[in-house]
Amino acid sequence: MAGNSQRRGAVRKAGTKKGPQVGSGGVRRRGLEGRGATPPAHERPHHPAGKRAAKAARQAQGRHKKTDDTEIVLGRNPVVECLRAGVPATALYVALGTDADERLTESVQMAADRGISILEVQRHDLDRMAANGLHQGIALQVPPYAYAHPDDLLRDAKSDAAPALLVALDNISDPRNLGAIVRSVAAFGGHGVVLPQRRSASVTAVAWRTSAGAAARTPVARATNLNRTLKQYADAGLQVVGLDAGGDTTIDEIDGLTPTIVVVGSEGKGLSRLVRENCDRIVSIPMAGPTESLNASVAAGVVLAEIARQRRLS
């Protein structure tokens, strides 16, 4: 007997009968095939050995970290001062039609003498590059600063014939203070400066200019965790001396012949609590008169001068 679908006047609904079987084109078969040899453990991202290898690669890459972006110095006075101070630069931009004066002429001449690219650009292009800041028709491109690694800084300081002398900065946000401290470190025989990676001044063109060229020969390192770095330096035999107005002793009692790292806090905030706890001693600078505190860079210079004096007399 025929089914209902064969009845006269019956309507066959779509999809009630299976259509022809269609193959997968080999997709299912290929999915069952092998995927090749299993990679070594250190190449597998989720394997413990792979995670250790990735961490080691990141640490190696970070030994000479640079800042994130290049810097653009704007204006005739800042540009000529940077070039006079030997701030490293990659390009000098001059807007077409800019009236030349002594500063612009000197900037172009110094850039040419140092092999810095000199590029003439449309004024609107320079406006865009300067984010509409006041550029006076001239701008200098400064590359990111190449920071040392704290481990390398410690190794180089300990390999020197003189006892290690380093400075660490805590809560220092003014690049001019940083530049002045770098200058003092170079002047008094120090081996370098350590900065925290966050909430700290960076080696910008302003800091470089304030250092009067000392930034070219005095390494600056960035520490991911300043407290951990201070502990590491203490374990390596350095005395950690914190400088604070409320110190327990004065700088006269520092043993300057011992390998030392001086930790300098800001004039306003001083040293943070954890940093104070990681210092072997907290010292202050004796002062006459009502002056309560010194600028951070001045205070650092006074302590470094005292340590240098002791070492000269030894």
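Cβ from N, Cα, C; glycine included.
The feature S-adenosyl-L-methionine binding site is assigned by Swiss-Prot to Gly265, Ile285, Leu294. Same-chain residues at least 6 positions away in sequence with a Cβ under 8 Å from that of Gly265 (S-adenosyl-L-methionine binding site) are, in sequence order, Asp170, Asn171, Ile172, Gly242, Leu243, Asp244, Leu271, Ser272, Val275, Ala296.
For 44-65, the entry in Swiss-Prot reads compositional bias 'Basic residues'.
According to Swiss-Prot, the region 'Disordered' annotation covers 1-70.
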Count of other CB atoms lying within 10 Å of the CB belonging to Ile285 (S-adenosyl-L-methionine binding site):
19
Leu294 (S-adenosyl-L-methionine binding site) CB neighbourhood, other CB atoms within 10 A:
16
S-adenosyl-L-methionine binding residues Gly265, Ile285, Leu294: largest Cα-Cα distance, in Å and rounded to whole number:
13
List the other residues in this chain whose Cβ sits within 8 Å of the Cβ centroid of the S-adenosyl-L-methionine site residues Gly265, Ile285, Leu294, in sequence order.
Leu243, Asp244, Ala245, Val264, Glu267, Ser284, Ser293, Asn295, Ala296, Val298, Ala299, Ala300, Val302
